[in-house]
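The active site, electrophile annotation in Swiss-Prot covers H94. If you look up Swiss-Prot, you'll see E163 marked as active site, proton acceptor, on the strength of sequence analysis. The annotation substrate binding site is assigned in Swiss-Prot to N9, W10, K11, G169, S202, G223, G224.
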Amino acid sequence: MRRKVLAGNWKMYKTRGEARAFLEAFVPLISPGAENREVILCGPFTCLDLLSAQAGPYAVGAQNVHWADHGAYTGEIAPQMLVELGVHYVIVGHSERREYFNETDSTVNRRLNNAQDHDLVPILCVGETESVRKDGITEAHIRSQLDRDLELVDMRRLIIAYEPIWAIGTGKTCEANEANRVCAMIRKHVNFEGVPILYGGSVKPENIDELMAQSDIDGVLVGGASLEAKSFARIVNFEV
């Protein structure tokens, strides 16, 4: 059985003090029944050591990693630096990185491979824009992303997140059955039954139970709703 993964992406939010306060409120809210679920907190670089140092029912993830181990890459971070901070997971290819920082499928692939070379588990993000969706080519677009992003990547040490870009931070939510259909298509295309496939896009307490009841959705990648302890705890404690 594939494990359930609940990942919070804090993006560029939370100072160290705010992260500490979040943990104090969040950890006691996790129900004992959630122990078979993998909870991941992907904080900003400045909070990663703090998240690792605190005892809690969660793993630590980063939001970016470079394709090189060292070099003149101002502002970037190498995988071994993340490992030293107690990081186990890293988001790669998020739509915001692709849009604002010009990441391409080629650089995403290089980041994925280097992360795995250092025993990090990447969370690969793929998804379509509103225009791609309206043109009816969502599946073709995502298959193309997967083919280019996953070259030489070890599927046994990978998580894939489907994030319809039109639903990120917009309040629009992809219908659960449609999200499940796309996740099933992704699983079939990568031809590896064991890879966890998450849904990301305006996930909130109000829709988590319906999303997690879907057969091909193994978890969620949560943005805004992961910033508040009570909200994210309800997501982690989903009921199906």
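Each residue, glycine too, has its Cβ placed from N, Cα and C.
Here the features listed in Swiss-Prot are painted onto the structure.
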residue	record	DSSP class
N9	substrate binding site	strand
H94	active site, electrophile	coil
E163	active site, proton acceptor	coil
G169	substrate binding site	coil
S202	substrate binding site	coil
G223	substrate binding site	coil
Query raised in the report: What number of additional C-beta atoms lies within 10 angstroms of the C-beta atom of S202 (substrate binding site)?
Result: 20
Query - List of residues, in chain order, with Cβ under 8 A from that of K11 (substrate binding site) and at least 6 apart - result: P44, Q63, E96, G223
Query raised in the report: If you measure the residue listed as 'active site, proton acceptor' to G224 (substrate binding site) at Cα, how many Å is it?
Result: 14
Query raised in the report: Using the residues the record lists for substrate (N9, W10, K11, G169, S202, G223, G224), what whole-number Å value is the largest Cα to Cα distance?
Result: 14
Query raised in the report: Which has the fewest other CB atoms in a 10 Å radius around its CB: G169, G223, G224, the listed binding-site residues?
Result: G169
**Report entry** Between N9 (substrate binding site) and H94 (active site, electrophile), the C-alpha gap once rounded to whole angstrom
**Finding:** 10
Report task. Let me know the most crowded of the recorded positions, choosing from N9, W10, H94, E163 and counting other Cβ atoms within 10 Å. Result -> H94
